[in-house]
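Chemist: Annotations per TrEMBL:
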type     : residues : note
REGION   : 1-52     : region 'Disordered'
COMPBIAS : 8-28     : compositional bias 'Basic and acidic residues'
TRANSMEM : 78-103   : transmembrane segment
TRANSMEM : 115-135  : transmembrane segment
TRANSMEM : 147-167  : transmembrane segment
TRANSMEM : 204-227  : transmembrane segment
TRANSMEM : 239-258  : transmembrane segment
TRANSMEM : 288-309  : transmembrane segment
TRANSMEM : 357-376  : transmembrane segment
TRANSMEM : 396-418  : transmembrane segment
TRANSMEM : 430-449  : transmembrane segment
DOMAIN   : 469-527  : domain 'Kazal-like'
TRANSMEM : 556-580  : transmembrane segment
TRANSMEM : 592-613  : transmembrane segment
TRANSMEM : 643-666  : transmembrane segment
Amino acid sequence: MPAGVELRVTEPEDTPTKETTSEKKDSLKPVSEVKIQGPSPEDEAAPSVVKKQRKKGVEQPCGLGCIEISLLQRFNNLFYFMIFYCVLATCQGFVFGLTILSIETFQRDYYLNPFPATALSLSYDISSCLVVPFIANCGRRKSSPKLIALSSFLMGLGSILLAYPYFGKKMKYQPNVEYEQICLQKTIPRFCKQESLFQTYYKAFLVFGQCVEALAAMLLYPIGVVFIDDNLPMHSTGLYLGIMDSSVIFGYALSHIIGSKLVNAPYRNSSVTDDKIKAVEEYWHWRWWISFFTASVITWSLVIPLACFPQNIQGTTKTKGRKRKQSIVAKQFKDVEFKYGIKNVFAAFKILIKRRIFLFLSLSKASETLLIIAITEFLPTYLESQFILTRNVARTLSGVVFFPGGALGLILGGIIVSKLQMNCKNLMRSILVSSCVSVGLLVFIIFIHCDSPRLAGINDDYDGTGQLGSLTAPCNSNCHCSSTIYTPICGRDDAGYFSPCFAGCKRSKASNNSDYTQAYYECSCINAGLTNQDDDGDFIDAKIGGCDAQCYKLPLFLTFIFSTIVFSGFSFIPCSLAIIRSMPDKQRLMALYVSYVMLKIGIIPGLVVFRQIREMTCLFRDDGECGKKGTCWFYSKTKMAHLLIGICFFGKMCTIVFTSIAYKLYKNLQKEVNKMSVTEKTEKTAKVKKKKEEIN
């Protein structure tokens, strides 16, 4: 075949034309009579025509640029796109959760004050608000899969930046206190840590890494939601959005499972010597950076598969046509895309905020998000103080309740919305019903509480020899104890003690008993209670672990809080869909960005207020280091219960109020539309009657 010759096979069209009939005649000729011609000027211009047709919404093949492999076309559907997208969303939730654990560990180990720690956490949300105008401007002009692939690359880059401080940077730890579990009647020297290279690198790269992660998240979620909605029938979007949000929660839960082994630095354990610290410190650092690095490898491996998907995959044209027929809001707002440019983005923000239905639905979603943040902030502390649990057990139970409950609520909410084929009006009704059920469950939670056991120095004054709020008493004044490490023990007087040192215990012995692993002897603060002998005949004064609270209401509380979280998840997907359905097709992306900005604006002060209120309920805080604020070990049970229930109740009432206003506005709007349609019909019938009369 001569160079420059091109053979093309065309699909027969539904309606035959003159050109197609002539082509059919040519195809019936013998091969010897067929003339092979070079490309004509019209054929050379064909690629540009194809590009224009593709931009208009014609379904496109799967490929990367000009490379189109026929074997890959079987993957050109939404099912395979959702697989890659959900893996990416899982990685985003994993990195986000691991970053939060990293900040909490850094705050505790280096005695960072609450305000700087909150500022480090909020760098993600602040960056999200700042990048929205730029992303909203370019997100409407570029291909959605290509932008999601860019998000995958940026997410991997952000993970590398977050991992860099742990890679090859020595902490150069200098012990500030020689921790002792038992009472030693000698003065123990105290030193202050110097600012290490690790701390400097950590703060800088954490902020920079979270800025990159925020940019990736703003490319991932709004653009992904609109792309999924474009390529699905109208009533199928809810299920897919539920799966997407559940993937994020799964990644967040996975980060807590893996990060639970990382939150305890080796020098936080009082039984570890300095020689062992140096041996395991490098391994501890390696486990942190390898977790971030693994996430970056997975996200980078998704860049090419996501970039191969076209803007219009199979079935796009049909689904868009069906959605235009079912759209009601388009009768009120023109389906015109906003103009490009940063100034026009801010003008579009003002226009969308003035639309009251959209405004109140966005406020409803923001209140639901703040409710979820309040539960994640308060639930572990509430379980720890209300049911006398250790910090690790309280965190584990919170994760077991929150993450499966949230994922189950999101998926069930999406299934219910899809199966019942709810319109915008019914979506708001479902939000109101699920919110009212959640409020009812919160009322029952108020009555589930336990009595506090005796804790020396907290709610017990060492049998009248000490003071409430102080762990030091005459019986342990010469022990020089430290409150930096919480090692609870239970004395034979059925009172709990912060550590064996504060109980005045002078000897300890390991035990093979199934009830306890460590026993303590000669405790000067423990004088009452029955004495038991060990195998060697020594009298045991205390055992490792806290005293039994004799409270059996924990399963009941977890059941009610799990149900509350599930019903809160029910309302999240309908709220997101109501925001999308209340806007014309070409304005959905901008509307989602505006709702995200409103959500972040609520999160930034909300997180600061929640943490500040939680600190106000603290009953006892450790000594800290070099004048810095230490960790709070005990919280007021009554105040914590009132705060958790009060904040959840307030958030749910805000959701009900905002959704009710939006529902009322939507009903009024629907009545106006119906009146306009009725008047138009009467006018048309009147015109037809006049024409008939004129003819007659």
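Note that Cβ sites are derived from N, Cα and C of the backbone, with glycine treated the same way.
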Chemist: If you run through the domain 'Kazal-like' (469-527) with DSSP, how many residues end up as helix, strand and coil?
Modeler: 0 helix, 17 strand, 42 coil
Chemist: Using Cβ atoms and a strict cutoff of less than 8 Å, what residues sit near the transmembrane segment (643-666) while being 6 or more residues removed from its termini?
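Modeler: Beyond its ends, the transmembrane segment (643-666) has Cβ neighbours at 356-357, 360-361, 363-364, 367-368, 370-371, 374-375, 378-379, 382, 424-425, 428-429, 431-432, 435-436, 438-439, 442, 445-446, 564, 568, 571, 575, 578, 582, 610, 613-614, 617.
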Chemist: Taking all residues of the domain 'Kazal-like' (469-527) together, what is their mean pLDDT?
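Modeler: PLDDT averaged over the stretch: 83.
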Chemist: Go through 115-135, 288-309, 357-376, 396-418, 430-449 and flag the stretch with the largest number of C-beta pairs under 8 Å relative to the transmembrane segment (78-103).
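Modeler: Comparing 115-135, 288-309, 357-376, 396-418, 430-449: 288-309 has the most Cβ pairs near the transmembrane segment (78-103).
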Chemist: Residues of the same chain, at least six outside the transmembrane segment (147-167), with any C-beta under 8 angstroms of its C-beta?
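Modeler: Same-chain contacts beyond the flanks: 85, 88, 91-92, 95, 98-99, 102, 138-139, 198, 201-202, 205-206, 208-213, 215-217, 219-220, 223-224, 227, 285-286, 288-293, 295-300, 302-304, 306-307.
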Chemist: Between the transmembrane segment (592-613) and the transmembrane segment (239-258), do 3 or more CB pairs sit under 8 angstroms, pairs being 6 or more residues apart?
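Modeler: Contact between the transmembrane segment (239-258) and the transmembrane segment (592-613): absent.
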Chemist: State the residues, same chain only, that lie 6 or more residues beyond the ends of the transmembrane segment (430-449) and have a CB under 8 A from a CB inside it; answer 'none' if no residue qualifies.
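Modeler: Long-range Cβ neighbours of the transmembrane segment (430-449): 364, 386, 413, 416-417, 422, 553, 556-557, 560-561, 563-564, 567-568, 570-571, 574-575, 578, 637, 641, 645, 648-649, 652-653, 655-656, 659-660, 663.
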